[in-house]
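Let me begin by presenting the structure, written as structure tokens, before commenting on it.
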């Protein structure tokens, strides 16, 4: 177990160092900041938890050199803390990846970046709270030698184990299965509908489907590697304690999470970065079936400007044609359609057109009535 934890520790630390370097010096390698790629940020945080989890099981090498587990001791407290926060933390970030991917699939766009950062910070705060709750309840007797042979919350506190540990692991395991099941059937239905749409819509859906496939690997890995240890702990809660050998194998699988996550990212990195970069250029996946136009009516008095424009974008460049007419007459205007109801209709590969229609309603001037009266006479 300790050797496997060492492999995961080195792998996770190496990839974290690589990503940190790319986050800082992104201009050498990317057109946009890598830290703005929400998928990569979630994987980065998952690796942080994997590193913490690997460190916890790495302490088993210390127990081997000592001949047995010592309690109370600083290594015992550290191992208990890292297991208590690392196991559910890994599951919660896997669940966050599933939620984020599902939001992109269903909403057609990623979260606004400030909200996304706030969610990540909030998740870390919640993970720390899960570790502080038992410490606040039991103090120095929180982390003792468990039935598995390493330090963690004692078997006398099964209720606390359930609410601050087991619950979140099983929620992550089964929650991801449900979310990815929903995404699978949703994308399958949309792909069938896309057969009657333009080819560009089909390409966007295929690209999104590939992103989902890449991201589903992480929950699948977590489910396969964490389920044996979670099952053993739940068996202990029913007073059916598995053998030390069972916990050794289950713990080794859990400690392997960091290495496998690094391996998955290494194999899918180029494709993941390419697909997410293409899909998030406008932070929006344009596969909606509706043809929505923005009709905007402005309000103004003296010095009012009526603006009509059509903009075309090719790649990263922008070309715009704007006609501005100055009118000094009063006008009464309003919004007919929400400003966010806008269609970026695709004209071809990498070409978009934004159409804005502005309508102005103006009262007639007195001289207009006078002219009308003279003509009628």
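Here, residue 1 is simply the first one shown, and the rest follow in order.
Just so you know, glycine gets a Cβ as well, placed from its N, Cα and C.
TrEMBL does not curate its annotations; it predicts them automatically.
The compositional bias 'Basic and acidic residues' annotation in TrEMBL covers 359-371.
On the 0 to 100 pLDDT scale, the model's mean across the domain 'G protein-coupled receptor GPR1/2/3 C-terminal' (203-271) is 81. The domain 'G protein-coupled receptor GPR1/2/3 C-terminal' annotation in TrEMBL covers 203-271.
The region 'Disordered' annotation in TrEMBL covers 358-377.
The annotation transmembrane segment is assigned in TrEMBL to 6-27 (among others).
What TrEMBL records for 39-64 (among others) is transmembrane segment.
Summarising the annotation, TrEMBL assigns transmembrane segment to 89-106 (among others).
Taken from TrEMBL, the feature transmembrane segment covers 113-133 (among others). Distant neighbours of the transmembrane segment (113-133): 36, 38, 41-42, 45, 49, 81, 84-85, 88-89, 92-93, 96, 100, 160, 164-165, 168; these residues of the same chain sit at least 6 beyond its ends, with a Cβ under 8 Å from one of its Cβ atoms.
Look at TrEMBL and you will find 166-187 (among others) tagged as transmembrane segment.
What TrEMBL records for 208-225 (among others) is transmembrane segment.
Marked as transmembrane segment by TrEMBL: 245-267 (among others).
Residue counts for the domain 'G protein-coupled receptor GPR1/2/3 C-terminal' (203-271) under DSSP, helix first, then strand, then coil, are 62 helix, 0 strand, 7 coil. Residues 1, 4-5, 7-9, 11-12, 14-15, 43, 46-47, 50-51, 53-54, 57, 60, 87, 90, 147-150, 217-218, 221-222, 224-226, 228-229, 231-232 of the same chain, all 6+ positions outside the transmembrane segment (245-267), place their C-beta atoms under 8 angstroms from a C-beta of that stretch.
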